[in-house]
Amino acid sequence: MVKSYQRFEQAAAFGVIASNANCVWIPASSGNSNGSGPGQLITSALEDVNIWDIKTGDLVSKLSDGLPPGASDARGAKPAECTYLEAHKDTDLLAVGYADGVIKVWDLMSKTVLLNFNGHKAAITLLQFDGTGTRLISGSKDSNIIVWDLVGEVGLYKLRSHKDSITGFWCQGEDWLISTSKDGMIKLWDLKTHQCIETHIAHTGECWGLAVKDDLLITTGTDSQVKIWKLDIENDKMGGKLTEMGIFEKQSKQRGLKIEFITNSSDKTSFFYIQNADKTIETFRIRKEEEIARGLKKREKRLKEKGLTEEEIAKSIKESYSSFILHPFQTIRSLYKIKSASWTTVSSSKLELVLTTSSNTIEYYSIPYEKRDPTSPAPLKTHTIELQGQRTDVRSIDISDDNKLLATASNGSLKIWNIKTHKCIRTFECGYALTCKFLPGGLLVILGTRNGELQLFDLASSSLLDTIEDAHDAAIWSLDLTSDGKRLVTGSADKTVKFWDFKVENSLVPGTKNKFLPVLKLHHDTTLELTDDILCVRVSPDDRYLAISLLDNTVKVFFLDSMKFYLSLYGHKLPVLSIDISFDSKMIITSSADKNIKIWGLDFGDCHKSLFAHQDSIMNVKFLPQSHNFFSCSKDAVVKYWDGEKFECIQKLYAHQSEVWALAVATDGGFVVSSSHDHSIRIWEETEDQVFLEEEKEKELEEQYEDTLLTSLEEGNGDDAFKADASGEGVEDEASGVHKQTLESLKAGERLMEALDLGIAEIEGLEAYNRDMKLWQRKKLGEAPIKPQGNAVLIAVNKTPEQYIMDTLLRIRMSQLEDALMVMPFSYVLKFLKFIDTVMQNKTLLHSHLPLICKNLFFIIKFNHKELVSQKNEELKLQINRVKTELRSALKSTEDDLGFNVQGLKFVKQQWNLRHNYEFVDEYDQQEKESNSARKRVFGTVI
């Protein structure tokens, strides 16, 4: 009988406050009690999106899309990480760009995905809505800019003149676009003609930032230089719309990553910041025109007093022009490297700014601002969100006996989490933690550090009970408890294994003389010295054996009671990083930096199997309770589920974005927890769904085939390769259509071809029957032809062939429709034209879906015009002419209806205004107007 296993799926992911994408600030909602406050911040949390309340530090909501990793229908690849966020506040839309080039548009009110766009081949670097929120512009690492229509749900066109990643753009209405790239160029695009009309060298190296305020444009490069440009869109002179005005130096020598403007609505004072690729943000104030004029006048006067000529004065003023426009304001310095920033509010007394850091925190700053006081106070950090995540990598995790609490240890902090609510309930300061363990009862946690310290924490009192600073002379890499929890075993890089006992001692209460409290303390018992550094120690569940991994690539097994040597397990080529022993103490597994897992028997020390398990160092292995199945995690960012008896991989769990450092298994085996370098903590829960090994292997092979097929289509290889653009010559234009083959578009094309096969066969069968019937009616020879029986599918859905094909077309997303049509071979193009010809005879269907029919027909003809022109089939020519005539008639009728309806609406509006709108006019002005107006001529009535 085929063996089945229970499937593990991701039940939760937490611990990430802000990942690599930018942050978006939204003001406090009007539903709040006071309607004010620092508002909310939208941040990326790897593949998800978090919305935080800045004041309370609470997670308001989390936006997640798609199947959970590990699900039966989930793809065998890690989910794409969010790379850019952009919100349109008037429409409550949030556009999210991902590392695989996908763009999803969310509705912030309903927390659902409205639109999916897939046109880029690399990660999204920039997104921007237009003023109305009906168009979205995206930039990517593939050097292309795409303009998307949110109403039509399609990509309008692709601008592809840059040679490297897009780093900035600015859009004015529907006419102009300015873009910068890492190729060092700044380009001005005319969006009406889709052409680049100006190109300038922005910086000698890469250009990293762009921002525009009125006619002022600022760009940043790879060094401390910042360029100021003058923007004059109305200038018709060739190359005169964008001119360089000057250069100024910022304080930081690192590149400027982002520039953003903000204006005080009360006094029209404008500020901007430059986010540097370090721990600083520099803010600047833009001087008003009166200030600039006064400064120029004073400078000119001083230069004249020095005896300079008019030319020298003009040259000097031009060189220092940037100092007249900009005034350095304040510099914000964070403790951590800054990932992104955003202005929040500005008033006459302060500026407020929020930022996210590389250490998984959100910081909110207030910059005091006094007009009359040039020496403003330093920026103040008013809010911080850091409780729900750790600053550095989680190196060790453990689960309490009752499966309710989770301990995570990192450099500088130990956090205790509620597994059910995923909230941090305790935070302790500690050293550089390498290993931690819950004591029986779940109220005490023991922790080992890189400095050789042992620290014992009490969760109930939130205090540090005991610290042994000289527990070891080097890093404590591993610790374990005996099954009764009374003894502790620690292994260190000082080549010793130490045994500790827990004892209760009376401790003097601080501030008293004779009051004592019982406190649990650690007491050193014995020491086992070995020849090499110890990386891992593990006590068998029956307390019989102690397994120790050494730096010499071996694992030595001792009897725990007598400390006598029992077995030496050798065979790994690199040090063993993790050990675990099965529940029956009969099997031991070891994982190593050589990417292998070895399964050994503890009776004779024989190696049952050696598995090449991962693509990088395997950091941890854990048996499931009461089972020989086990989990492993690696630096290749994958968690794997194995059968230790059949030596087969049951599941590959892709979710983490980077190295997975630690694993912990619940005492009942109901869930597994993993932690990673990406700051995320993920809970993998056992489900009722069953896993069959053969099905998983087939699924993996299918995914590999699909990926290969998509790659061949994109690169132009294989029989079903991508066809060239309709322009056809192979010359790369600055603008092109938005096309990208995806698995969804391929499947949509296949569904359409199946519908065409079924529908056209039915249509041709009916046409043949009608011809035979007419011939029989004329000659009356033989028996009358039998009407063919309809297709069972059409009878079941009660539709005609053309209705069935039209329904299939309607079910394809608009953003995938053209890509689905591009998949069809030319034989199916002819069938599609036959379908259009049939629809022309069905006036009801034609007028109901005229826009869709026209769009598909025009695209098919444009895309296949060379093949169609070369056809010598007279029937095809007649068919196309017939379609042209019928379509023109239908479009003319629709145009007439539209004109009639527009005029009718205008008349209704006029009548409504006459009845409801009244204009109040001054009596004196009205009399004067009537007296000045010409008297109308009176015509007599002739009877």
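The backbone N, Cα and C atoms fix where each Cβ goes, glycine too.
Quick look at what Swiss-Prot annotates:
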REGION    715-739  region 'Disordered'
REPEAT    77-107  repeat 'WD 1'
REPEAT    119-149  repeat 'WD 2'
REPEAT    161-190  repeat 'WD 3'
REPEAT    202-230  repeat 'WD 4'
REPEAT    389-418  repeat 'WD 5'
REPEAT    428-458  repeat 'WD 6'
REPEAT    471-501  repeat 'WD 7'
REPEAT    571-601  repeat 'WD 8'
REPEAT    613-643  repeat 'WD 9'
REPEAT    655-685  repeat 'WD 10'
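Sequence-remote contacts of a segment are chain residues at least 6 beyond its ends whose Cβ falls under 8 Å from one of its Cβ atoms, and for the repeat 'WD 7' (471-501) they are 434-435, 437, 439-440, 446, 448-454, 522-539, 541-543, 546, 548, 560. Most Cβ pairs under 8 Å to the repeat 'WD 6' (428-458), among the stretches 77-107, 161-190, 202-230, 389-418, belong to 389-418.
Segment contact is absent for the repeat 'WD 10' (655-685) and the repeat 'WD 2' (119-149), given fewer than three CB pairs below 8 angstroms at sequence separation of 6 or more. Mapped onto DSSP helix, strand and coil, the repeat 'WD 9' (613-643) counts 0 helix, 18 strand, 13 coil. Broken down by DSSP into helix, strand and coil, the repeat 'WD 8' (571-601) contains 0 helix, 18 strand, 13 coil.
Averaged across the repeat 'WD 3' (161-190), pLDDT in this predicted model comes to 91.
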